[in-house]
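Below: the structure, in structure tokens.
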Amino acid sequence: MTLSFTARWRDELPATYTALLPTPLKNARLIWYNDELAQQLAIPASLFDATNGAGVWGGETLLPGMSPVAQVYSGHQFGVWAGQLGDGRGILLGEQLLADGSTLDWHLKGAGLTPYSRMGDGRAVLRSTIRESLASEAMHYLGIPTTRALSIVASDTPVQRETQETGAMLMRLAQSHMRFGHFEHFYYRREPEKVQQLADFAIHHYWPQWQDVPEKYALWFEEVAARTGRLIAEWQTVGFSHGVMNTDNMSILGLTIDYGPFGFLDDYDPGFIGNHSDHQGRYRFDNQPSVALWNLQRLAQTLTPFIEIDALNRALDRYQDALLTHYGQRMRQKLGFFTEQKDDNALLNELFSLMAREGSDYTRTFRMLSHTEQQSASSPLRDTFIDRAAFDAWFDRYRARLRTEAVDDALRQQQMQRVNPAVVLRNWLAQRAIDAAEQGDMAELHRLHEVLRQPFTDRDDDYASRPPEWGKRLEVSCSS
């Protein structure tokens, strides 16, 4: 089967990009590719043949129909207007046309200098490409909207960051790379007609059902807000901290995008800061819902030339509704509740308080809770708490709440185990794979990818364990 590519972004939004070719790396070689995703997309196996060099995965060749561009956008970074940004090291190679008529962006990260590189070198490093590949695939298999990773190429090109690292490229796939920052760019350039063109493009290609509706723009922004709310709810329930929620890292389609200084909670710490550059804690775990709303308000401002203020405010209210509704549903599922009762939030908050006091492991606590039996006053979870009396008091109330529902243990446990993962991408697991890969051993990278494809399967190895001493509080930054 021949892959078919289109260039809708390039053809329809000429003011939003610069056309250019990738700059290949020295002695580039394919070290990992997503065989499952490649099969789904009918990508010929021959494209991954190492005897052909790095090929399209390393920017050495293009596939028929590809028309590479680097996109321009702007944004607020850490709450401050940063002006023009753009694809400083990434190039949108083309949009794959799928059988159902939809498209999928092929975006090559680390593809070399662009007009938007600013003071950067246009490169990505092996460390960051491995982290993004693992994180995006982990999120996908957790059921959270995200970009996807298709391939990683390593090289002999040295790249200077805090230390000298190895240059690499990541092929990232997404339904769209349209960001809040695209709209901000033209709004602050006082080109409202181009802001409206972006909205028209989004509606035409992703919400065509509203194309001929008079209030299409208000309906569209309402859905953007709702998708963002549901996404943030998913992050909070699984314990994911993005680390750098700048407006240019926010997806119009409600996808998790731009994995940098992210982290999944180990110990439950609502004030967890994943990014060691975030000195004020703006993007700490428990502030993500507020930041997402702030970012939506910045997007709403760009839409004021063609959406009434009342409609924008209604959409922002929709964000709050979607966030709280989805979060409530997810947390009830994590606790094994099939109905909503007035004391559920209090019960959840009591558990969170206990976990925060004791430094309980977020993922393991909920996974162990999913094995609870209504009639048993004992729980393996009890042994993880120092204050047994406090846990016992909470657990008695929890079991009493379970008994208010006519659901047997087997069904409830099954539901809980579908939403409480046994495995998440802890930073130490990613670091172990990175350390091996930097020594030329890709086995752990491949093994970890396989493990992350089955996050809801119980394991008795260290992929499901708490981090070792060296793996606690690993510092990560925006440098990639």
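The backbone N, Cα and C atoms fix where each Cβ goes, and this holds for glycine too.
Quick caveat, the model's predicted, so the values are computed rather than measured.
According to Swiss-Prot:
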- Asp248: active site, proton acceptor (ACT_SITE)
- Gly86, Gly88, Arg89, Lys109, Asp121, Gly122, Arg172, Arg179, Asp258: ATP binding site (BINDING)
- Asn249, Asp258: Mg(2+) binding site (BINDING)
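Ranked by how many other Cβ atoms sit within 10 Å of their Cβ, the binding-site residues Arg89, Arg172 place Arg89 at the bottom.
Taking the C-alpha positions, the distance from Asp258 (ATP binding site) to Asn249 (Mg(2+) binding site) comes to 6 Å.
It is Asp121, among the binding-site residues Asp121, Asp258, whose Cβ has the fewest other Cβ atoms within 10 Å in the structure shown. Note: Gly86 (ATP binding site) has non-local neighbours Ala70, Gln71, Val72, Tyr73, Ser74, Thr114, Pro115, Tyr116, i.e. same-chain residues 6+ apart with C-beta under 8 A of its own C-beta. Of the candidate binding-site residues, Arg89, Asp121, Arg172, the one lying closest to the residue listed as 'active site, proton acceptor' when CA atoms are compared is Arg89. Across the fold, the C-alpha of Asn249 (Mg(2+) binding site) and the C-alpha of Arg172 (ATP binding site) stand 14 Å from each other. When other Cβ atoms within 10 Å of the Cβ of Asn249 (Mg(2+) binding site) are tallied across all protein chains shown, the result is 21.
For the ATP site, whose binding residues are given in the record as Gly86, Gly88, Arg89, Lys109, Asp121, Gly122, Arg172, Arg179, Asp258, the maximum C-alpha distance rounds to 23 Å.
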